[in-house]
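S.K.: Structure provided below as structure tokens; questions to follow.
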Ligand SMILES: Nc1ncnc2c1ncn2[C@@H]1O[C@H](COP(=O)(O)OP(=O)(O)OP(=O)(O)O)[C@@H](O)[C@H]1O
């Protein structure tokens, strides 16, 4: 018995051992990797260098506001330029500190201030706890710590819109004015955002000091994405395993989306992973299409997780109709199942008009398809279809306490809900 088991085990592993290896170094395709060169960002790099170079002459550089859509290389370019600035400033004996904060995580005034103070903790011996001090005191410490000696401090606030949406713009007001209260140190801010409407949230005074200089990152086109991918592919894959069509297809698909280099790199990596799992000798176009499908589904699952409660219940109503073979359905059909589900969960249902808005939102997010069709003299109605497989929605709800009871609800043709 034991011997038989061992043989099986060996054959299971050997099957994979002798297959063609696809990745030479997969890390090169990960988001955290900083490439040595950044194709098609020469203009933005030059502009940033131009704005920051006064530091080396002992002058305070302007604050910079960097914006552009997601995956256009904002973060990687700012890191690339500031790392070079740190290197060169040592040569010129100019003390420069760059503090990088991601405001998706560091999302309150207190945390921003505390993180800056703590950046200097070895030098100052001061460490602010992550909660607990009055904000004024953290601010006072910040000024003291910064001013311990002459230096330039560049604070990079990535995803700055998240900070402002969560905690307002007081912190930006303070930071953009802090130089008037410092004697030795000089502070400059680099704010990065992919929300192009973010400026509307800012007090005009904050906006004008934050965006003394603006650097725009336009989306990449398919050719540019191809160059970016080619450069990475050489390091990431073994020679000859990438079919010629793979990189151009990844580039074209990501360009169609919105010129997102992150999406292009994800497509290339996931295509390779799928080929590896299938034990294919090469990565081909077929793997790219599968990768596209997988990424779309994964993204949609992430979006579903963050929907508000009533949108989730509404989506479940559509899932039930789908399982019952009743799609496409119209708003009225969906609303009646939604109302029953609310009853079951002991929740007050929203009005049909509100649900109609939420249907449009789900449509915009690509989770459902709600097409308006004309019914001749009966007016217009919506035809609602589902864009995700029902079991994926159920798998998500299984982990949510409020929604878990819905998993045991099923529906018969008469549109009556059955529980259990
Ligand atoms: N010109 C480029 N050359 C090489 N890699 C690039 C280039 N532009 C972007 N990338 C890569 O694409 C990915 C996304 O880039 P980055 O994180 O800088 O985008 P972003 O504009 O900051 O996006 P977001 O607004 O979503 O944070 C990273 O892995 C980055 O290394």
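Every residue, even glycine, has its Cβ placed from backbone N, Cα and C.
All annotation found in TrEMBL is predicted automatically rather than curated by experts.
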S.K.: Of the candidates 220, 238, which one does TrEMBL list alongside 72, 73, 74, 75, 76, 232 as binding ATP?
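M.R.: Of the residues offered, the record points to 220.
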S.K.: What three-state class does DSSP give residue 76 (ATP binding site)?
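M.R.: SS state of residue 76 (ATP binding site) = helix.
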S.K.: Of 73, 220, 232, which binding-site residues come close to ligand 1, meaning Cβ under 6 Å from one of its atoms?
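M.R.: Listed by sequence, the hits are 73.
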S.K.: When you measure from the Cβ of residue 220 (ATP binding site), which residues in the chain that are at least 6 apart have a Cβ under 8 Å away?
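M.R.: In sequence order, the residues whose Cβ lies under 8 Å from that of residue 220 (ATP binding site) (at least 6 apart) are 40, 72, 73, 228, 254, 255, 259, 260, 261, 264.
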